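One structure below.
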Amino acid sequence: MKKNKSGSLIKCLLQLNSLAPLNDQQPKHYGITSPISLALPKDSDVELTRKLCEALKPYGVFEEELELQRADIDALCVAPRHVDRSDFFTSFYEKLKEQEEVKDLRAVEEAFVPVIKLSFDGIEIDILFARLALQTIPESLDLRDDGLLKNLDIRCIRSLNGCRVTDEILHLVPNIENFRLTLRAIKLWAKRHNIYSNILGFLGGVSWAMLVARTCQLYPNAVASTLVHKFFLVFSKWEWPNPVLLKQPEECNLNLQVWDPRVTPSDRYHLMPIITPAYPQQNSTYNVSASTRTVMIEEFKQGLAITDEIMLNKADWSKLFEAPNFFQKYKHYIVLLASAPTEKLHLEWVGLVESKIRILVGNLEKNDFITLAHVNPQSFPGPKNEFSTMWVIGIVFKKMEGSENLNVDLTYDIQSFTDTVYRQAISSKMFEPDMKITAMHVKRKQLHQLLPNFVIQKRRKHSTDGVRFITDTSLDLSLDGDSSMSVPSPTALSKTCTFIGTASPPG
């Protein structure tokens with residue numbers, strides 16, 4: 001079993017002393033262009049990197065041995081040709097079920113990348129499977145070898161892709177330690193600023209790693225403090241949708257589909273393409289929407305402004321990692337609630353609903369009256385003592401001249417999203433009665449009535465009027481009162497209500 005690991009703990013002293021590339025014979029340049037600067041680090045850069053290490057420590061980004069033992073694990077099971085995928089999802093699955101340490105075991109065989117998910121002694125583990133055309137699996141197997149892909153099932157190729165991309169990235173950066181420390185800082189920043197989630201249309205870990213790797217290629221001799229600053233400089237000014245590439249794509253004559261807008265028309269519509277370096281090259285950010293790209297570009301610009309101050313010693317690194325208050329940022333929000341009758345069904349239902357929220361964001365973006373739909377990647381427990389999960393989407397409405405109170409009907413946008421979710425649940429035979437999706441419009445001052453107290457940092461004194469829970473089995477949530485957006489509900493609620501509805505499966 002081969003694991004994707006971020007490597008051992010970076011020692012800051014090692015980081016500060018390992019300024020030269022690890023390879024003895026350094027090529028003229030890394031990546032598809034010449035570097036922007038070959039400048040060596042100054043003493044002040046090294047000092048800023050030391051301060052960056054100190055600023056990162058309280059967030060636990062350096063894995064101590066104990067933390068590594070409790071960390072989430074993405075694992076890849078590589079099997080020889082006589083072991084079939086069906087064995088992985090039957091006999092191996094049953095073996096796992098017999099282990100008393102295994103909890104929350106579930107097989108997602110129909111996923112784009114099939115996976116077995118489980119919790120082992122409290123550690124969350126995702127296990128992928130790849131069957132290679134080999135009689136045995138040697139310990140020295142190099143997954144970067146493109147020849148391994150020959151005659152493979154497409155699902156096996158997708159399963160191998162994660163490890164292959166990770167290995168390739170590490171071979172394409174000038175200095176692995178500088179890369180890792182910079183990536184730790186950028187990933188922490190992205191999580192703190194609510195823009196870390198591939199499934200919801202932001203960037204996932206691999207995409208952030210590729211952006212950092214490209215920065216390292218452009219500034220091959222820079223230390224982490226400089227690389228963080230240059231990261232924001234490069235990508236706040238990047239002319240999307242020009243793709244980010246770590247190396248020129250190679251054709252292996254295996255007839256696998258690769259990202260190529262010249263050949264594939266759908267690739268031309270990708271808004272923020274970041275292309276994986278391993279064959280078959282894919283866009284890791286196909287989920288990015290107009291809204292999520294807008295949010296990320298704005299965050300890049302703010303990150304540049306802060307790191308400009310840090311470079312001039314006008315601010316500390318802690319300022320970069322301050323979490324903005326998402327719940328004070330917008331005047332209007334849509335709260336999405338997914339509920340199920342049991343814990344097991346809730347686990348499956350939430351996973352499906354979350355994977356489709358980007359469809360809702362896309363629907364809202366197409367609405368003529370909406371400028372931006374920003375989904376918060378963090379989910380929250382539902383407001384009742386039941387198996388439910390909430391997501392919050394910040395909404396910006398277009399300013400219409402001569403229209404103080406704008407009435408916008410979002411019923412169709414919500415309904416088409418819920419229909420998609422229910423169809424998927426029914427077709428995959430996952431749907432059970434009492435699996436529900438509820439949506440409602442909430443104004444900023446009403447959020448504290450739905451969310452946990454610790455989430456709303458700047459609570460104001462408000463009346464408890466405004467949010468009304470219908471205490472029947474439909475789990476209807478409604479908002480009374482002074483909203484500037486009234487949404488017709490499919491249920492028999494008052495005309496002033498801004499509850500959007502509890503959806504039922506089509507048909």
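Just so it is clear, glycine is given a Cβ too, placed from its N, Cα and C backbone atoms.
As annotated by TrEMBL, domain 'Poly(A) polymerase nucleotidyltransferase' applies to 69-173. What TrEMBL lists as Mg(2+) 1 binding site is D72, D74. Positions annotated as Mg(2+) 2 binding site by TrEMBL: D72, D74, D126. Look at TrEMBL and you will find D72, I73, D74, D126, K187, Y196, G205, V206 tagged as ATP binding site. For 178-322, the entry in TrEMBL reads domain 'Poly(A) polymerase central'. Taken from TrEMBL, the feature domain 'Poly(A) polymerase RNA-binding' covers 325-381.
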Using a 10 Å radius on the Cβ of I73 (ATP binding site), the other Cβ atoms enclosed count 15
Y196 (ATP binding site) and D72 (Mg(2+) 1 binding site), distance between Cα atoms, whole Å: 16
Within 10 Å of D126 (Mg(2+) 2 binding site), Cα to Cα, which of the binding-site residues I73, D74, K187, Y196, G205 are there? I73, D74
Does anything in the same chain, at least 6 positions from Y196 (ATP binding site), have a Cβ under 8 Å from its Cβ, and if so what? K187, A190, F202, L203, G204, G205, W208, P377
Counting all other Cβ atoms within 10 Å across every protein chain shown, which of the binding-site residues D72, D126 scores highest? D126
D74 (Mg(2+) 1 binding site) CB neighbourhood, other CB atoms within 10 A: 17
State the Cα to Cα distance, in Å, between V206 (ATP binding site) and D74 (Mg(2+) 1 binding site), rounded to an integer. 13
Arithmetic mean of per-residue pLDDT over the domain 'Poly(A) polymerase central' (178-322): 95
Excluding its own, the Cβ atoms lying within 10 Å of the Cβ of K187 (ATP binding site) add up to 18
What is the Cβ neighbour count of V206 (ATP binding site) at a 10 Å cut-off, with all protein chains included? 18
